[in-house]
Amino acid sequence: MGAIVLVALMALVASSSAFSDIEHNIMKLEGENIISSSSTPNDDQSSFSDGTSDMVESLFLNSGNRNLVLMMLSGRPQPNGRCIGDAQPCGFLVSDKGCCDPNYCSEYSKGKCICVPKGQPCGLLHFCCLDLTCDGYFNGTCK
């Protein structure tokens, strides 16, 4: 059953027009955990000088309970203003660009680039706004 879920998920990602040029890397880890990551290089270069890509899409599946545990779309600062700014539409149905740091996309497929303000919950996928830090890795507060 786990193999069927993985095949269906990979077919969905591979058939998406936004991901047609994406390189897929699949790694088998300890036990039944599978990590799949994809990246799309810039139009004019394959990656930035620091090796980061224009867009990163990560999936983490645990076939023990067959739940999608983590689905993340994140962006990095990009040269020439090629990232998506504050409160602008984002997600794989909207653009192949990621949000400018420290913003993240509020929804995987169609959201807005936002950051977590002071005093609000933050963590691994919910980044604090500039000049703020999260006091916990998974469950923290922006200070």
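Note: Cβ is positioned from N, Cα and C throughout, glycine not excepted.
Features of the protein shown, as given by Swiss-Prot:
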DISULFID  Cys83-Cys100  disulfide bond
DISULFID  Cys90-Cys105  disulfide bond
DISULFID  Cys99-Cys113  disulfide bond
DISULFID  Cys115-Cys129  disulfide bond
DISULFID  Cys122-Cys134  disulfide bond
DISULFID  Cys128-Cys142  disulfide bond
SIGNAL    1-18  signal peptide
| request: Consider the disulfide-bonded residues Cys100, Cys115, Cys142 and say which one has the Cα lying nearest the Cα of Cys134 (disulfide bond). | output: Cys142
| Listed disulfide-bonded residues are Cys99, Cys129, Cys142; which of them have CA atoms within 10 A of the CA of Cys83 (disulfide bond)? | Cys99
| C-alpha of Cys105 (disulfide bond) to C-alpha of Cys113 (disulfide bond): distance in Å? | 5
| query | Within 10 Å of the Cβ of Cys134 (disulfide bond), how many other Cβ atoms are there? | reply | 20
| Between Cys99 (disulfide bond) and Cys90 (disulfide bond), what is the CA-CA distance rounded to a whole number of Å? | 7
| query | Tell me, which disulfide-bonded residues from Cys90, Cys100, Cys113, Cys115, Cys122 are within 10 Å of Cys128 (disulfide bond) if we use the C-alpha atoms? | reply | Cys115, Cys122
| Among the disulfide-bonded residues Cys122, Cys129, Cys142, which ones place their C-alpha within 10 angstroms of the C-alpha of Cys113 (disulfide bond)? | none
| request: To the nearest whole angstrom, state the Cα distance for the pair Cys100 (disulfide bond) and Cys129 (disulfide bond). | output: 11
| request: According to DSSP, folded down to helix, strand and coil, what is Cys90 (disulfide bond)? | output: strand
| remark: Taking only the CA atoms, the spacing between Cys90 (disulfide bond) and Cys122 (disulfide bond), expressed in whole angstrom, is 20
